[in-house]
Each structure stands twice: as C-alpha cells, then as structure tokens.
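**Q** From TrEMBL, here are the annotated features:
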type	residues	note
BINDING	Arg50, Gly51, Ala52, Arg87, Gln198, Asn248, Lys249	substrate binding site
SITE	Cys159	site 'Transition state stabilizer'
ACT_SITE	Asp238	active site, proton donor
Amino acid sequence: MTFKQPIPTIRRDADGVVILDQTLLPHRCAQHRLSTLDEVAHAIRSMQVRGAPLIGATAAYGVAIALGRDAADEALDHALRALAATRPTAVNLHWALGRMGARLLPLAPSARAEAAWLEAEAIRLEDQETCAAIGRHGLALIEAVAARRPGPVRVMTHCNAGWVATCGAGTALAPVYAAHARGIAVHVLVSETRPRNQGLLTAWELREAGVPHSLIADNAAGILLARGDTDLVITGADRVAANGDSANKVGTCLKALAAQDAGVPFYIAAPFSTLDFACPDGSAIPIEDRDADELRCVNGLDAAGQLTSLRQAPEDMAVINPAFDVTPARLIRGIITERGIAAPGALREMFPAAEPS
Ligand SMILES: CSC[C@@H](O)[C@@H](O)C(=O)COP(=O)(O)O
C-alpha cells in the first residue's frame, strides 16, 4: 500500500512551491508559498522545512525558482552556492544541488528553467519510492521481533524522520508505518529532541496516523533501554560516512551507546543519497552549530492559545549548541537503505558502484 502524505510537505505551485511550515507544528498546520530564491534559502535555514531528504528536494525546487527569473550561468552558480550555504550537515542538500548542477549546466539558458522543474519533481517522486523501499526493508526487523514475543514491538526513535521530514513516508518511521499497515502492533518511544523538539513532530504525525506512541524526555532513553522496555532503536541520518559513522540529530549517539550497553539493536534508516563515500569517517562530517537562543528560549502556546517564545535562560548565558552528533559505526547494527540493510562496515562492498556525492 503506497503511503500518502496527509499534507504534502512540498509541492509545486506555478512558479513557486507550497511548503508545510514545520516551525508552527505541532500547534498549527500552516502552508506557505515560496516564490524567490531568498525565501527558499530562508525556509531551509530557519527550519520551516527540515529533515535531510526534504531539505534536498526543497533546494532542488529553489534552483528551479531562481532559474525562472534568470537562467544565465552566473545566476545558476549563485543559486547553487546560496542554497548550499544554508545548512552544512545533511549531505542530501549537496547531493540534490550536485544533481541539479550536473543536469542544468550543459543546457542552454533558455532550456534550464523547465528542465530544473522536471528534475526537482523527479527528486521528490523518487524520494517517495525510496521511503517506501526503506519501509519494506525495515519492516522485516519489526516482523522478526513480533514473531519472537507477544505484545507490541517497542521502537525508540529520536528527532523526526517521518513523513514530515521527507517527500514520502519518512525513513526511520517508514518501517513503523509499514508494520502498522500490516496490522503488527507497534509502540513508538519518541524522545523530545531538545532544543528544537522535533520529537513533537514525530508524536504529532504518529497520533494523526493512529500509531500508538509515548513521548519521553531525552534523558529517559537510558532507563527505558536498560530495563528492557525497548526492542529496537531506529533513527534517521543526515550523513553517513564511508566507514558507516553516521551523523544525526544531537542526542542520537547517547541512545546508541545506551542501546549497546543494554543489548538493544540500533539501526539507522537513510536513503542512498545520505551516504557520503567522499567522507572517510565521522570526523570529516561538518557539524552545524546553531543559534544560542534555541537553548535559551522555548516555544509553545500561551494561555490564549497563541504561539509564543519564552526565555528560560538569560540573554547573555553562554551556550554551546551543536545540532548533530556522530554515532560511531561500531554502535550501529545496520543501515536500512532503499537497496537493503547494510552492515555499516560493509557499505562499499554492498554498494560498489556508488559515486561519491
Ligand atoms: C528523514 S530525516 C533524517 C534526519 O535529517 C533527521 O533525523 C534529523 O536529524 C533532522 O535534523 P533537523 O535539524 O531537524 O533537520
């Protein structure tokens, strides 16, 4: 059964795109139209759109939007650079821009805008297929647990790697949706994911889909793993190095360490476009540092139901805010891709023809 996004995370609208604004979720479901390169770059930087596969698709549409105004070599070069500068860690962004550049640079300027729209649409549609295939491969892991013991299969995840973060069903949540569709009982443990609380997006989309879940504090993961309340951990990734080291939302590595200690298998689910064979290991993955106010302030609804930002730490409090961490390959049982589940140390053997992104 093909997964249909309840609200498209991105769709073409004439010479622009309409996005689901993730900065307002889970409190408000609002869509915005983006019609300039600057608006697209801002949407990615501010995380109105976020999640590695969706960032890549959005950037591809951003190129098409820019070329609709000016398709000369300089304008194309400017669009590719401006979008590449928005966020450093998710390699899908750079993969998508590389693909757009390779497709468009050889063309005459007059042919570029139309070709850019077609290529961006292709990236979006391919992501739907990719998510579905990740779901099919990951489903086998959930089925294996369900066959072993009664009761719901308890899957812990971190951040949001569901449909909201992609153009399809998601990556880490795709196996969960596939299991739910098959009638296999699952219960998802959703960590909050401070400071940006992407776990709330995960809890929101699971609730909308009727998938049982519990929101947990990030710091509760250790005890829930140690006392045997978790069968599997599955998270997404923003960049997987050639040796299998995987960057994902900060806090992922702590879950992998706790999972290893508790003997719970830890999996990464990511499309092939997240594998970066040009990056030898995790130490070469650029880690994004984000604004200190993400920690000093919390967003939520006030008593009148208005979205508001509350300061919880003084304006001048020193903050360190890395947005991602790197989970070493030795802690990862497998990487669930659309082409199958690979052992992290065997990516090159499993995908020998892979081009560096
Ligand atoms: C399918 S999304 C995979 C990852 O991009 C996701 O787990 C993640 O870390 C997202 O980070 P974000 O900073 O919210 O873009």
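We number each residue from 1, going along the chain as drawn.
Each Cβ is built from the backbone N, Cα and C atoms, and glycine gets one as well.
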**Q** Under a three-state reduction of DSSP output, how is Asp238 (active site, proton donor) classified: helix, strand, or coil?
**A** coil
**Q** Got a sec? Which of these binding-site residues, Arg87, Lys249, has the most Cβ atoms within 10 Å?
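**A** Result of the Cβ crowding comparison: Lys249.
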**Q** Is it possible to get the count of other C-beta atoms within 10 angstroms of the C-beta of Gln198 (substrate binding site)?
**A** 27
**Q** Measuring CB to CB from Arg50 (substrate binding site), give everything in the same chain under 8 Å that is also at least six residues away in sequence.
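**A** Within the chain, Arg50 (substrate binding site) has Cβ neighbours under 8 Å at Gln22, Ile44, Asn160, Ala165, Gln198.
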**Q** Could you measure between Arg87 (substrate binding site) and Asp238 (active site, proton donor) for me? Cα positions, answer in whole angstrom.
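**A** If we compare the Cα positions of Arg87 (substrate binding site) and Asp238 (active site, proton donor), the gap is 11 Å.
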**Q** So which of the binding-site residues Arg50, Gly51, Arg87 sit close to ligand 1, that is, with a CB under 6 Å from an atom of it?
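**A** Within range of ligand 1: Arg50, Gly51.
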**Q** Check the DSSP secondary structure of Gln198 (substrate binding site), expressed as helix, strand or coil.
**A** helix
**Q** Just to be sure I understand: of Cys159, Asn248, Lys249, which recorded positions have a C-alpha no more than 10 angstroms from the C-alpha of Asp238 (active site, proton donor)?
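**A** Among Cys159, Asn248, Lys249, the ones whose Cα sits within 10 Å of that of Asp238 (active site, proton donor) are Asn248, Lys249.
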**Q** Max Cα distance spanning Arg50, Gly51, Ala52, Arg87, Gln198, Asn248, Lys249 (substrate binders), Å?
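**A** Result: 17 Å between the two most distant Cα atoms.
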